[in-house]
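Novice: Sending over a structure as structure tokens; questions will come in a sec.
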Amino acid sequence: QGTVKREDEQKFCLCVCHEHTFVSPDVQGADIHFIAKVEAKDLLRKPTVKWFKGKWMDLASKTGKHLQLKETFDRLTKIHTFEMHIIKAKENYGGNYRCEVNYKDKFDSCSFDLEVKGRVILDPVIVFSEGQEDAGELDFSGLLKHREHKQEDVPEVDVWEILKNARPDEYEKIAFTYGITDLRGLLKRLKKTKKVEKKSEAFAKKLDAAYQVDKGGKIRFMVDLADPTVELKWYKNGQEIRSTPKYIFEHKGTQRIMVINNCSMLDDAAYSVAAGDEKCTTELFVKGTITVKTTVNERIELECEVSEEGAQVKWMKNGVEVPTGVRSRYRVKVEGTKHTLVIDDASKDDTGVYSIMATGGTSEARVQVDLKPLKIFQDLQDITLKLGEPLKMHCEIFPGNVPGRWYRNGQLIQANDRINILHRAKNHRLEVEATSLHDSGDYTFVLEGYSQSLSAKVHIIDPPRVHLETLNFPDNTVTIVAGNKLRLEIPISGEPAPRVVWMKGERVILESGHRVHAETYGDHTSLTIEVTEREDSGNYKIVLQNEAGEDTGSVKVKVVDIPDPPEAPLVPVVGGDWCSMTWDPPIYDGSSPILGYFVERKKKQSSRWMRLNFDLIKETTFEPKKMIEGVPYEVRVFAVNAIGVSKASEPSKAFVPLAVTSEPTMLVVDDVTDDTVTMKWRPPDTIGAAGLDGYLVEYCVEGSKTWTRSDIKAEGEGGTDEWIPANKGLTEKTKYTITGLPTNAKILVRVKAVNAAGCSTPRTIQHSILVKEVIEPPKIRIPRHLKQTYTRRVGEAVNLVVPFLGKPRPKVSWLKEGQPIDPTHVSIRNTECDSIIFIRKAERSHSGKYELTVQVENHTDTAILDIQIVDLPGPPQAVTIEEVWGENVALDWSPPKDIGNSPISGYTIQKADKKTMEWYTCVEHYHRTCITISDLVIGNEYFFRIYAENMCGLSESATQTKDCALIVKEGLQLRTPEYIDHDFKEPPRFTQPLINTFAVAGYNATLNCSVRANPRPKVIWMKNKIAIIDDPRYRMFSNQGVCTLEVRKPNPYDGGLYACKAVNDLGEDQVECRLEVKGECGPHEGHLPRRLGDGFPKA
């Protein structure tokens, strides 16, 4: 083993190990392993290691059948291990090898030599040289080995002459070939032999013939050069040596020194130094230790040969002298120069380092005593038992007199009342009366003194069981809130560990499930639901199976959740500012009883809901109050249980809080006949937001059971059951005739106003009415607009209503110009109180005087209506150009033949240039039949046309002049007047200031003013001298100088001093006003809370 260490900025160590049975040389055909270990605790990455043979051959490219490179890393010790394996070495594999390690700019290397020889068995002995001066010096070329000595015949060869003529690097090979055991002695003698040598020209002093060093020590080779300028190279077994931390080169004048540090057995080699063409050689011997292996009860002999007979030696073991007395286990034999230490019946205690000390040196060897191999006649067998059955284990082992120990899962088994351990000769037994689950495991029988052991497995099986009794849940029911994680652990037992299957219904729950999955451990199984849902409720079945049986269990999971929202509530009754609502409980109560309900409402057009109750409502009815009449509302309901509040129900259908109107007013009798009574009245004073749908008229006949004064009391009091409705449906008119009454009967009449909220309080007439007709002479009441001529255009509808009076019902007749009216052209409809004449499309023939006659018995009354139907006039006649002078043209024409049954109100004159024939109006509404047109363009020719006009409009066509009028030039010159541009710029000036304004809370208010300025000014609105910017409560408009600020739904907090400021480049102006908002806010209303109170009645 060779080790090289270098200390640098980054420390790391390279250690190369040669592992083989023989130290050196290696035997041909054997496998050789070299290991390099790099200590790199502080390195950030793996270092780079390369193996070389010779100088430059990289062995990475030679890997294959006989060469393999491996590398590993130990994370605990932070050591990189690099291995080179030579498989079935050959002789040509020998030579110098080198291992280099690199990391960034750090470098280290280690060189070693490999020599492969044929298979030869060496007899390791220790001899002393025969020289007198060196007597007693220990020669390390011998080895210790336990053997039976055999003599070998050596041929008679003059080895001395061969050594004298051989090179120093061939000495060891010669000694090996001819079986020389005292090579050191021969070399000492060879050194003393006088030899004629040539004087060296390069070396003043050469290397010694041989050097010796202890293993791990340091040796120095030194030569003295005759010429210091000569280049010097050092070699080891013919391979050049480079400077490394192991090999250090020094220069001292003419002396050249090579120092080898930490010598190992690999450094035992021939060294040479070359200076130019001359070379001198030497040999280095490294003292080492060998290992002798044997087994227990064998005989050990350690033999050493010294140089002299009768030499005093001392045997040592681990540094302590070996006792050699009569009772000692150690015996010493001496045969001439051979000294032998004998150990009979060796034991493991005899392992150690043995050494022999003589006056001239020391030699040592390591003895290792191992146990004899076991012979197993019957090995332990694997056993499977049911729980409670007896266990018997048996084995037969040779040698039989060796005791042993039993282990279960690595724990020593001690005999007790239940466990019995027996040993008889070769038989070893272990018996257990009644097995338990703890007896299952790996059993091992270990003989004392032996590393080999016998093993077997004992398998105790037990039927599976589900231990639901350990759960602290009543009826094995687990309750959990939806959305939480459920992890249900169920203890189980069984040997071997049972196969566990979780099921819900027919569905198997897998371990790989995403949200719901099952897991099984050694002593329990678990069901995990990451986020529980209401669908997870139900019975979960656990099935256990193993080779001993099967068991099942059931657990009920109850997932409680917030309830489902109730159905949309119903609003059956609505009042002026209240309503009555009802709803059904939710279908799913979340597996928890409903504790109550919350109710919210909002305006239909709003998106803000307001809760109406803070204490839970136990019933399913509620009456919201304090609503604004006429505003549509919606309500919704929340269900509450112990878990929480449900989602909101769907909103109810929109409803409007409405109040009934006040009673009708001024109920009087309008007309009475023999079987009818006509009543009329005025609408109620207060109608409300619900409006008025109509009226209900009721009467009560004198002599009925309920004919009392209570009949005229308000609705809801006694006697109302005998009131008879006079109209089946509501009447929208404020007049109604009750028919079918008995003549000469007396009745009471009352009227109710009806709207969506119901019937109002009835208005009852104060006195009874006698059903008997009264004669009234007829009288026609001509409307004011019919007292003069009634004019309509052709095609328009004529609808005239002429009221009249008279009782009984008058007879009505119409005449036109004294002739009856043709009903196919004019429709006439008569009623009791008026007559209607209707013409769908009026024509001129419908014009004339219509006479209306109304007759009641012998009484008559007449009236005449003058109806005039007008149409568009025809065009004027004969338009002529009377005269043209200068820029003027005189026109003349005649009135149209058809004036459209209406006087001509004027004429419209137009002109057109002959070139373009585009018509332009010159004069409108002109009354005369002649005109002079002026300011015509000189050189142009003009045509003229005229339209006639009456009350219906212009005539459909115009009359055009046949000839054109030429405007002749008369030598006039046109002067273009010069105009001076007017400067319209002016600073802002308010032409209409702001006016102090009063507004009603909740209704939009506007502030208006007008400003005049050029260029257009920038308008800034301010409240309390603070500019209003991007406030959604305000809207600003500016159109043609009129500035408007709209305050949306103000409240009293919006009141204050408002100002409008106009600014341009020429100046600025400002006007102010004060806004006061009337009304009150709720206790929590302000600028922002005002929106939360929308739709609530003010306190």
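Just so you know, glycine gets a Cβ as well, placed from its N, Cα and C.
Just so you know, TrEMBL annotations never went through curation; they're auto-generated.
Keep in mind that this is a model prediction, so the values were computed, not measured.
Per TrEMBL, the features are:
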DOMAIN    297-368  domain 'Ig-like'
DOMAIN    373-455  domain 'Ig-like'
DOMAIN    464-558  domain 'Ig-like'
DOMAIN    565-659  domain 'Fibronectin type-III'
DOMAIN    663-774  domain 'Fibronectin type-III'
DOMAIN    778-866  domain 'Ig-like'
DOMAIN    875-971  domain 'Fibronectin type-III'
DOMAIN    988-1076  domain 'Ig-like'
Novice: DSSP on the domain 'Fibronectin type-III' (565-659): how many residues come out helix, how many strand, how many coil?
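Specialist: Split by secondary structure, the domain 'Fibronectin type-III' (565-659) comes out as 0 helix, 35 strand, 60 coil.
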Novice: As a quick check of your reading of DSSP, tell me how many residues in the domain 'Ig-like' (464-558) are helical, how many are strand and how many are coil.
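Specialist: Going by DSSP assignments, the domain 'Ig-like' (464-558) contains 9 helix, 57 strand, 29 coil.
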Novice: Looking only at the domain 'Fibronectin type-III' (663-774), what is the model's average confidence as pLDDT?
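Specialist: Per the prediction, mean pLDDT sits at 81 for the domain 'Fibronectin type-III' (663-774).
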Novice: What does the DSSP secondary structure composition of the domain 'Ig-like' (373-455) look like, as residue counts for helix, strand and coil?
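Specialist: Helix (H, G, I), strand (E, B), coil: 3 helix, 45 strand, 35 coil.
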